[in-house]
Every structure is written in C-alpha cells, then in structure tokens.
Amino acid sequence: MKENSEDCPLWINYDGLIILEMFRENSQQATNFLIAIAEPISRPENIHEYQITPYSLFAAASVGLTTDQITNTLQKFSKNIIPRNVKNLISDCTLSYGKLKLVRQSQKFFIEVYNDKIFNFITSDEILKSFIVNSNIDELKIEITNVEKIKKRCIEIDYPLIDEYDYTAYESVNMIKNLHIDLKPSCHIRSYQEISLNKMLGNGRARSGIIVLPCGSGKTLVGITAISTIKKSAIILCTSAVSVEQWKQSILLFTTINPYSVSRFTSDCKEWFENYNVENTSQGGILITTYSMLSFSGKRSYDVQRIINKIFAYNWGIMILDEVHVVPAQMFRKVVSSVLHQCKLGLTATLVREDDKIEDLNFLIGPKLYEANWQDLSDKGHIAKVECSEVWCEMTAEFYREYLIQDTSKKRLLSIMNPVKIQMCEYLIQKHEAQGDKIIVFSDSVFALKEYAIKMKKPFIYGPTSQTERMKILKQFQINSKINTLFLSKVGDTSIDLPEATCLIQISSHFGSRRQEAQRLGRVLRAKKRNNPNFKAYFYSLVSKDTEEMHYSAKRQQFLIDQGYSFKTIIGFNDMYYNETRLYKTKQEQKELLFNLLSKNLSSDETDK
C-alpha cells in the first residue's frame, strides 16, 4: 500500500481487475483515464470495476497513449503498487502496437513493417506467410480477401495492425470521390459525442473502430458527423428497412447534403445516387442499405444485381456499421470484407453477445474507441431516467398443473399466455395510458403478440407487416393521441426511433439475452419528456412466477445492472382486479384459454425470421 492510499480512488488487482471508488475526490479524473485503457465491467453508483486487457491496451495505444503515460497515471491514482505482471502486460501491448500498418493503394493492400527484426518475424510466421502475395524491403502485399484473417493473426501474435485512413492525402483526394456535405449551423453535438469522435478522427486521419453509446444518446449523429468530417462517399449498413429510412431522415435533417446524393437500397426501394448526378460524375454520395440485402446469396433480379455489382465495385471512403454487434454472425461478416472501403466505424449500445464472437470485432472492425457511462448521461439529462421493475405473475392452479407436465415448448407457451400475466399487462396499459404515457409492449412470441394485441384492440407490428404498414403505424403512434399503445415483436428491438415512448412492457423475450434486454430498455431512453422536472420512464418485465422465465430474467438483467440500473420486484397491485371487465377474469374463460393452448400445434417461441 502507498502512504497516501486513503486518498487514492482505485485498487489494481494482479489479474488486471481495477476497483474504482467513485466517492473519492479525484474519482472523475480516474474514470476519464480508465475509459481509455480498460474495459468497463460494472458501473453501479459507488464502486466501478474495470478490466485491463490486451485489446483495451491496443485501443489506448491507438489514440497515442504511451507505456510510461499509462503506468505513471495508474500509479498516481492507485492505492497499491502496480503488480509486476500488470506492468509487463502494459509494456508488451503498448510497445508492440504501431509496428505494422495496413496501407491501401488504389485497390491494393500492403503491410508496412517497422524494422527488419519484425519483418523477419512476420515473414517466418507460417500462417501469415500463406497470405503474403509478394514482399519488398519494408512492405508485404496481401489480397483484400485475406485482410480479416491477417488482422486476426496479427492480434494473436501481439502485433496488431494500425488501420488508419489519411483522408487528406493526395491519393485519397483523387481516388475516392468527394462528398459535398457539412453539418447545418443549427446542429450541435454534445460533449460526449465530441469526445468519441476525437478518438476516431485527428490530424486528417480516421481510425477504424467502435463507439459504444446508449440507445437514444445520438449514435446516428456521431456517424453523420464522421461522414461530414471525412467528406468522402459513404456506405451505411443497418439491421432493418425502418432503420434505413430513419438514417436518411437524420442525414437530411442534420446536414446540407443534396437529397439526390443520398440513396436507399432495400427490398422496397432500390436507388443509386450516381443515377441522379449524371452531370457531375466526380461527386460522391451516401448509400444506406441493410446487412441482409448485401449478404443474400440467392438469385436476384437484373436491376438489383446491377446495383449490387456497383456497390462491391465502388471505392467507399467510410463504412458505417449500425448495431455493429451483429457483424460477427457468419452471414454478415463477409459483407465487411467484400465491400471496398478505406475506414469503418461501428456503432452500438450493447457490445455484448451470448456467444463468444464479440471479440472478433477487434479484427473485423477495430478496437473499441469509446464507451459512454449510461448513468452519467442519465444524470445530465441526455437520456431518460428509468424505473425498472420485474413483475411476478402468479400462475393459476390449472395452468401451473399443466406447466409441470408439458414439454419445453408448451411450458413456454403456458408461461407467456398465463391469464394473470395477460391481466397484469392489461392493467399496466390502462394505468399508464391514463397517466398520458405512450406504451410499447414487446413479445418474442408472435402467437402471444397477436393474441394480446387483438384482445386489447391495439395495433401490432411483426415480421410479415409490410414496410408501408410499419411506417404508417409508427407515424400514428407518434402523432395520434388516441393511439397510445403499440405491440412489437423482436423486429422492434433495434434501430426504431420512437422518442414519444415513455413506458415499456415486456411479456416474452429471447431466453437470457442481455443484449435484447438493454436494447428494449433503449426504446424509452430517448423519451422527449426526459428533461421535464421529475420525469421518469418505466420498464416492466412480466414473468410467470416459479417458471423458467424467472431464471432467464435474472440473466437478462445483468448487463443493465452492470450499467448501474436496479430492478425492483412487484408481486401485484391492490387495485388490479377492481375492473369487472378484466380479461380472463372468470374460471370458465381461463379453462377455455388453457384448452385452446393445449390443442394448438405450435410453440411459444414462434418468432420472426
């Protein structure tokens, strides 16, 4: 322990785990530093946990932090002497960074090598050697199709590739089409957005990497600002056609770009900006599309295939990957390596997956450049304060008796269609509609989604809902004072902007998915009313008591708890049964419902494809 240890805010464990005491005077300075060098693990109110990893140190080195700067600053804030193995890890990772650089020349790729010793080391590696086309004194030529594999191998041998794009260089100016775009004078970016962009952009160079911001905190504007700074042709990949529309609206709202320079490529809308710029072929554009449109491997129509060929032949200045956590999926990752681009920016609110592929983003996209603190943004009014509740719904005796003897799929169906859960959902909708709230009800089960919505006479959106109908329903939810509740399947988990929503009710979900829980909470974080005095949004997760739903619910909440949220448990409301017209109130209605459910040949996890 150091002599002044009681004044220092953090403790460094031998395995690189850092415990930060937020009640110390200089804790905020320490927080700002730790964000740059370590991964946030848990950030409740008083005690934060961070983990130093090779990836986090590579990211720190990528923004210019040196070995001495990291160790000296850590020692300044630490109660204890930095363990030797942690010092060695910091030294090894930061000193090896910057020795290899990925260079693009026209449509050719090279690795620039720092010195002869490293050159010999790289060329003697059997895996890397198989990817090298030919070599000169200080550079190695590689094929574009092998870039992903090479990046992965370089990380494994502790020599990560620097992947930067000098967008002011002579070759860039002449080879990549310029984009006439600026932010409008009325558009103001917030301090945390500026900090995140400074991690990516500097001295005329753009670093490929990932920015993590909560839902509703302005990820889209960060991406638009990056495009406006680089001023080169851009391709934006989204998870849905609804998201494509919202990106286009935001680009036209925040920037001075000519609307004809912004194209959409979805199943319903097939545009190519060069068709509208025939008089100025040197002018670039922005294409907004979905991962699925580019990854589809089936037969396409002539017109669609023609645009696809143009997309893959075009030299893009920047690629924006919205909801970047989906990229490690096998069908999507090939899109990243197939589209020719100079730099890429991944955006997400939840850098988590339930498989082990999230770390693949380090070589598919780049290091995490910045991650915001959810509670910080909430305290400053940038996102809404949310009251989170887990609502336990007793199962009726008849339903629970059947639940105990049925197979897994029927168990899920019975727990979702539990009459008490239906009544609780109805009660909460009526309660919050009376308070003037706009409510979203989420269900992964399409069968339950339709049953609940039709019984309660509410609109719903799920997979087969057409794009036109989706936009119409969303618009009515936003502007019509008589449409205050909307039922959504998992198609609404991401990239749907509904700032009018102030209350969320979840009746079924995808097992223990932490990411889905956070994404759904995000639907109410951007509430327009968030800066009103004493305003708070509501998030209810309805679970049938003594079923597997309770186990999965605890797993799902972990990410949000790590972000500083707390869940209170609600067992019931005293006035819930005062309404004589409550759904399934009589024993006879409940028995008929049970009979119908047991006779149906379907599973409750029937979800959108």
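Cβ coordinates are placed from backbone N, Cα and C, and glycine is handled just like the others.
What Swiss-Prot lists as domain 'Helicase ATP-binding' is 200-369. The ATP binding site annotation in Swiss-Prot covers L213, P214, C215, G216, S217, G218, K219, T220. Among the features that Swiss-Prot reports, motif 'DEAH box' is placed at 322-325. What Swiss-Prot lists as domain 'Helicase C-terminal' is 423-584, and the listing cites sequence analysis.
Secondary structure at T220 (ATP binding site), taken from DSSP and collapsed to helix, strand or coil, is helix.
Over all protein chains present, the Cβ of G216 (ATP binding site) has 23 other Cβ atoms lying within 10 Å. When Cβ neighbours within 10 Å are tallied across all protein chains shown, the highest count among the binding-site residues P214, G218 belongs to P214. Close to C215 (ATP binding site) in the fold, though at least 6 residues off in sequence, lie A349, I383, A518, Q519, L521, G522, R523, L525, R526, each with a CB less than 8 Å from its CB.
Neighbouring residues of the recorded ATP site, listed in sequence order and excluding L213, P214, C215, G216, S217, G218, K219, T220, comprise A349, I383, G522, L525, R526 (Cβ within 8 Å of the Cβ centroid). If you draw a 10 Å sphere around the CB of T220 (ATP binding site), it holds 23 other CB atoms from the protein chains shown.
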